[in-house]
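Q: Attaching a single structure in structure tokens format; questions to follow.
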Amino acid sequence: QTIATGSPPIAGTSDLSTITSAATPTFTTEQDGREQGDGLQLAHDFSQPVITVIILGVMAGIIGIILLLAYVSRRLRKRPPADVPPPASTVPSADAPPPVSEDDETSLTSVETDYPGDSQ
């Protein structure tokens, strides 16, 4: 049993052949005792492996475009502008010497040389 769907009928026409067209999808039902509304399947022009390859290709294309955009944006953010020199680092590195204070009296050190309580 085949159910054809198509455009609404044209006013004044009752011929079923003018309602359906060649581009209209055809729905078929399986004859296993189920009601007509259950299990409608669309008749495809392609086989199942071809449809699977098409879907996987579209998914790979979308994922590839997303990865390409992420790569390009990462490369553009890394490059500093050619006219502006790179900013000096404000974070001291491990190899850099500690900053020297001009006031030696108030500078703090981690090692004490004399004890204030020792009065000999």
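Glycine residues also receive a Cβ, built from the backbone N, Cα and C atoms like all the rest.
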Q: Labelled O-linked glycosylation site in Swiss-Prot - which residue from THR18, THR90 would that be?
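A: The candidate carrying the O-linked glycosylation site note in Swiss-Prot is THR18.
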Q: So which of SER21, SER89, SER110 shows up as O-linked glycosylation site in Swiss-Prot?
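A: Matching SER21, SER89, SER110 against Swiss-Prot annotations yields SER21.
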